[in-house]
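Asker: Handing you this structure, nothing more for now.
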Amino acid sequence: MKEREARKMGNMVVAAAWLAVFCLFGYRATFSVLLGPMRDSMNWTVSQTSLGYSLMMSIYAITAFFSGMIIDKWGTRPAYFIGAVCGALGFYLTSLVTNYWQYLLCYALFAGIGTGMLWVSSTVSVRKWFVGKSYATMWGLAFAGAPVAQVVLSLGVKKILLTMDWRAAMQALAVVVLIALVVAALIAKKSPEAYNLKPFGLAPGSGDPTKPEYVWPLGEAFKRFAIWGAILAFLTSMVAEFLIWTQVIMFWVKDVKLSLASATNLYVAIGIAGIFTMPLMGMVADKVVGAVKNEPLGRKIMLIFAPAVGVLACLLLLATKISMVFGLLACILFAVYWAIEPGGVAGYAGAIYGRKSLGKIWGLATLIVMGIGPAFGSFMGGYLYDISGSYRNSILFALGAYALSCLVAVCLPLAAEPSHLAHELESLQVTSETGTPHKA
């Protein structure tokens, strides 16, 4: 009975994470569709319009750091409730703006806070409940909310734009975000230990209460190359990823000369492929972990593979001018990359630093990565187009960023050891609390 209840609670954690990811990536997917209509309606440049998204991602990153602390202390429910209110306001208030500064304020501030409450909360909550050979599979199911958002919300916005304007589309999105995140908050759960449960995926004989995980102080964790390597690998991938996501529709429209409707349909193909690649690549990642019998090594292998796929996808994207088949293949490969990288980095960090410290560590890592990568990537995509009149250089820039991510991943370590003194103090504390010596 306890096992059945634990499984039910774990599934609710995954469902709540699915809804959070759906809303988070809904913001990204719909911006790419709304970029052109917003720019034309308000007489802004591509880089001006993209700046709103860039600033939103910067505030998102700052919020993500604090969300990690909230999660470690109170669980994901408060984060999801805050996300519901601010995320809905981000869309609704932006739909009412009449000038550029109002747009920057409303979209960047409210959308940034709203979405900032979603990424760390969703990844960390799944990692706290599922570890080892279970994590990537369950995260793959949760992360499937991202491509579903890309398909459903992109097509929904496209349908609205046929008869109404971008303002009406944003108001509809506000309602969707509010409902989805309120539901996520209601079904969210704390860490399994709060219910006297253990996470799924522990190796036989693990989880002994006399051998708890080392609780990493934030400063000590960030003195290890493991987290900085993970940050740099993730950062360079995010620069490329957000450049592609925010500019790819306009690349197809301006460089390939597709209609907005055709370009949106091709963009949706990434989401359709992602619905299948998310759970599939999650299972593949867990099988790699099982095959090498070392979770950090398994996660590292996947973090090398993912950006390499991104490089190939960029090459095929540039070949879309030759044939639409190349564009479709690029979409599939982007979906494969997408299924691995974001959750894979969180999985690597969790494998290195453990679950107890992951919220604050991953929160600060997200602050650094998302404070730079998405803003820089999306801005560079628009900027390189504005100065050249073509998106070719933007795609090449993304290709280089993916290649750098791959090289950094090769250098990732397989462990991070606590300082001797800190570990000894932790051991003494465990001994005094349990009466049982803790073997380091």
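Note: Cβ is positioned from N, Cα and C throughout, glycine not excepted.
TrEMBL labels come from automatic prediction, so no person has curated them.
In case it's useful when we look at the structure, here is the feature table from TrEMBL:
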DOMAIN    13-418  domain 'Major facilitator superfamily (MFS) profile'
TRANSMEM  52-71  transmembrane segment
TRANSMEM  78-94  transmembrane segment
TRANSMEM  100-124  transmembrane segment
TRANSMEM  136-157  transmembrane segment
TRANSMEM  169-188  transmembrane segment
TRANSMEM  225-246  transmembrane segment
TRANSMEM  266-289  transmembrane segment
TRANSMEM  301-319  transmembrane segment
TRANSMEM  325-349  transmembrane segment
TRANSMEM  361-383  transmembrane segment
TRANSMEM  395-416  transmembrane segment
Asker: At an 8 Å Cβ cut-off, counting only pairs 6 or more apart in sequence, do the transmembrane segment (100-124) and the transmembrane segment (395-416) clear the bar of 3 or more pairs?
Answerer: no
Asker: By a Cβ-Cβ criterion of under 8 Å, what residues six or more beyond either terminus of the transmembrane segment (136-157) are in contact with it?
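Answerer: 10, 14-15, 17-26, 29-30, 32-34, 122-123, 126-127, 129-130, 169, 172-173, 176, 200, 264, 267-268, 270-275, 277-283, 285-286, 289, 302, 335, 338-339, 342-344, 346-347.
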Asker: Are there three or more C-beta pairs under 8 angstroms joining the transmembrane segment (301-319) and the transmembrane segment (361-383), sequence spacing 6 or more?
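Answerer: In this chain the transmembrane segment (361-383) does not contact the transmembrane segment (301-319) - fewer than 3 Cβ pairs sit under 8 Å.
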Asker: Please compute the mean pLDDT of the model over the domain 'Major facilitator superfamily (MFS) profile' (13-418).
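Answerer: Taking every residue in the domain 'Major facilitator superfamily (MFS) profile' (13-418) and averaging pLDDT yields 89.
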Asker: Name the range, of those listed as 78-94, 301-319, 395-416, that has the largest tally of Cβ pairs under 8 Å with the transmembrane segment (266-289).
Answerer: 301-319
Asker: Find the member of 78-94, 225-246, 301-319, 395-416 that has more C-beta pairs under 8 Å to the transmembrane segment (169-188) than any other listed stretch.
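Answerer: So the stretch in question is 78-94.
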Asker: Report, as numbers and ranges, which residues of the same chain sit near the transmembrane segment (78-94): CB under 8 Å and 6 or more residues beyond its ends.
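Answerer: Contacts of the transmembrane segment (78-94) (Cβ under 8 Å, skipping residues fewer than 6 from its ends): 16, 20, 23, 27, 56, 67, 70-71, 103, 106-107, 109-118, 120-121, 170-171, 173-175, 177-178, 180-182, 184-185, 188.
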